[in-house]
Every structure is written in C-alpha cells, then in structure tokens.
Amino acid sequence: MNPYTLALLFFGLFLGTTITFTSSHWLLAWMGLEINTLAIIPLMAQQHHPRAIEATTKYFLTQATAAATLLFASMTNAWLTGQWDIQLMTHPLPATLVVLALSLKMGLAPLHTWLPEVLQGLDLSTGLILSTWQKLAPFALLLQLPLHNQELLIMLGLTSTLVGGWGGLNQTQLRKILAYSSIAHLGWMIIVVQFAPSLTLLALLTYLIMTSSAFLAFKFNNSTNINSLAISWAKGPLMTATAPLILLSLGGLPPMTGFMPKWLILQELTKQHLPLTAVIAALTALLSLYFYLRLSYAMTLTVFPNNTTGTAPWRLSTPQLTLPLALSMLSTTLLLPLAPAMMTLVAL
C-alpha cells in the first residue's frame, strides 16, 4: 500500500478514537466510531484476497449494525429524557441498548460470532490493530455510562469468559485462538467495570501489552496455525524459548503480568459479595489456560521433523522490526512487581 495512503488511514484511526475519547455528546461519539470503522476497512481489504474481502464485509456489516443500534438508543434517550449527554443516560431501555451495541462492537459473547471469522481472514498486523486499538473507543464509552444493570453486565462477562475458553479448545488456527482469547479477556473486564473502573483500565492495559506480544511473536515466525509453530526453533531460538512466558501470562499464571488483573478482579468481586461469580470466572480461566499450554507445547517442546543437510528457505535470516516485540515481551513477563504503582497511576 502507498505510504501516504497508509499514513492517512492510520491518522483516521487515531482521529476517530480521539473524537470518541473526548466527546460527551452521543452524536460526536457516534461520529468518532464511524470514522474509526471506515479507516480500518481499507487496511483489512488490502490483500485483495476473497477471504480478506469476506472478513471485511462481515466486519463492516457488524459495525454498521452496532453503530445504528447505538444511534437509535441515543435518540431514544434524547426523546425520553431530553438529554444527549453520555453521562446522563438514565433511562434503563436506551442504557441496555447501548451496552448491547458496544458489546457487539467489541465482540462480547453472545454477540461474538463475527470476531473469530473476521480475524481469521486478516493478516497478523491488521489483526493486531483489530484486537487492540479498535477496543479502545467502545471501552471509553462504556466507562462513561452510568451502569445500573448489574445482572446484564455480569452475565455478559461470565458468558464471554466461558465462550472464550470453550471456543478456543478445538482450534488449530492461531488467529481464531487469539480471537477467543480476546473474548475471554474482555469478559473479565466487563465483569468488574461497574464496581471498579480503574481495574478495568488496568486489565485493558495488560491485555493490550500481552496481546501485542503474542501477535508480534507469531508475526516474527510467520505462523498462522499450530503445526507451523514447530519450526520456531530454527527461526528464533531465544524468542521461542521465551514465548511460553507470553502465553502463560495470557493464561494468568503467576509470576507473570497476566496474573495481576485476574487476581485483583477476583478480589474485588469477593469484596462486592459475589463469591459465586468469582468462582465461576476463576474456573473459566482454566479453559483458556489449556489452549495456551497447548500452544506452548507445540512451539517449544516439539521440533519439526526435517533432517536435510541443505539450508531451507525459512532458515535464512530476514530483517524484521524486533524492538516492539522485545519491549512488549519484557512488559508481558515482568510487570507484576509494578502492580501497586500501576494501580496508583490508573486511579489518578
């Protein structure tokens, strides 16, 4: 793609997200979401492949449906209460519609079915943008809403953690596994958003770091399925040796960074007298941990059966931008001791 066109599209992504961040009026927020959606569509369709075009079409229809529902809910709130302010959505009907529309935009279960199929049709670079940057604007709106429907959010969160763990068990495509991982992590954030928004921001921050590490590691290997992970030792031995730390951090095992948000969220749920919700969420995390361990085994503990003496094309060193991978990998594995400092920054 032309560098000027690429820069213009990235500027559109940044502009749309910034407009949504800074707006307190529903029409401006809706406008920012639409700019954001229209900016990523050319990036998704740049491969000119039928699978990429199909994924782009599915994404456009899904986002258009969510945006129309959001606009309808905001107009209904203005009709019922006379207010266009985001923080003054007090009527339960439009508030519920907005939560469902934002859930559809982010890919929360049971409105998640588009996310694995769309992510499977994209390359890893565009998939990284879809899994990280595109979650920011809907979360900004969700954090501004006066959330009163406690049962709806808890059910969305628990369903997402369950579907995210259960759906990734039988997958062999890495992009679908990362899509279900995204659904599960979003469920953890939604469960606690009404009780401790600072914890949601912390979980979102750690999710962005860990998911960026996983996407960049797979992009470094040029791997799209589990079988292709077996040749990782020949491509990057050091990266392959440390990759299980990224995957186990995504699973939430101590002492990696991913343990921090799950630990704090379970603690907050217990404080809110929701022990059953905390137990169910902790049990669903075991489902996700299984396919992270499966990826770790395929990547690190298996070797591709190739005994030829010649140099295969995938053994040749190719120049790649490894600084983002190194920084995100260090953050994924080493941020747990900084949890108190991060909580203080998020609370500010």
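Residue numbering: from 1, along the chain as shown.
Each Cβ is built from the backbone N, Cα and C atoms, and glycine gets one as well.
Residues or ranges marked as domain 'NADH:quinone oxidoreductase/Mrp antiporter transmembrane' in TrEMBL: 23-287.
Per TrEMBL, transmembrane segment is recorded for 60-80 (among others). Counting same-chain residues at least six beyond the ends of the transmembrane segment (60-80), those with a Cβ under 8 angstroms from any Cβ of the stretch are 26-27, 30, 33-34, 37, 41, 89, 91, 93-95, 97-98, 100-102, 104-105, 114, 118.
Among the features that TrEMBL reports, transmembrane segment is placed at 92-115 (among others).
Sequence annotations record features per position, and here TrEMBL assigns transmembrane segment to 152-170 (among others).
Taken from TrEMBL, the feature transmembrane segment covers 177-195 (among others). Long-range contacts of the transmembrane segment (177-195) within the same chain: residues 103, 106-109, 112, 115-116, 119-120, 127, 131, 135, 139, 142-143, 147, 150, 153-154, 156-165, 167-168, 171, 203-204, 207, 211, 214-215, 250, 261-262, 265, 268-269, 272, 277, 281, 284-285, 287-288, 291-292, 295, each at least 6 residues beyond the stretch ends and with a Cβ under 8 Å from a Cβ of the stretch.
According to TrEMBL, the feature transmembrane segment maps to 201-218 (among others). Listed by sequence, the residues of this chain that lie at least six past the ends of the transmembrane segment (201-218) yet keep a Cβ under 8 A from its Cβ atoms are 124-125, 127-128, 131-132, 135-136, 139, 143, 174, 178, 181-182, 185-186, 188-189, 192, 224, 239, 243, 246-247, 249-250, 257-258, 260-261, 264-265, 324-325, 328-329, 331-332, 335, 342-343, 346.
Same-chain residues lying 6 or more positions outside the transmembrane segment (230-253) and placing a CB less than 8 Å from one of its CB atoms are 181, 185, 210-211, 213-214, 217, 220-221, 223, 259, 261-262, 285, 288-289, 292-293, 295-296, 298-300, 302-304, 306, 312, 314-315, 325, 329, 332-333. Residues or ranges marked as transmembrane segment in TrEMBL: 230-253 (among others).
Here TrEMBL flags 273-293 (among others) as transmembrane segment.
The domain 'NADH dehydrogenase subunit 2 C-terminal' annotation in TrEMBL covers 289-343.
Summarising the annotation, TrEMBL assigns transmembrane segment to 325-347 (among others).
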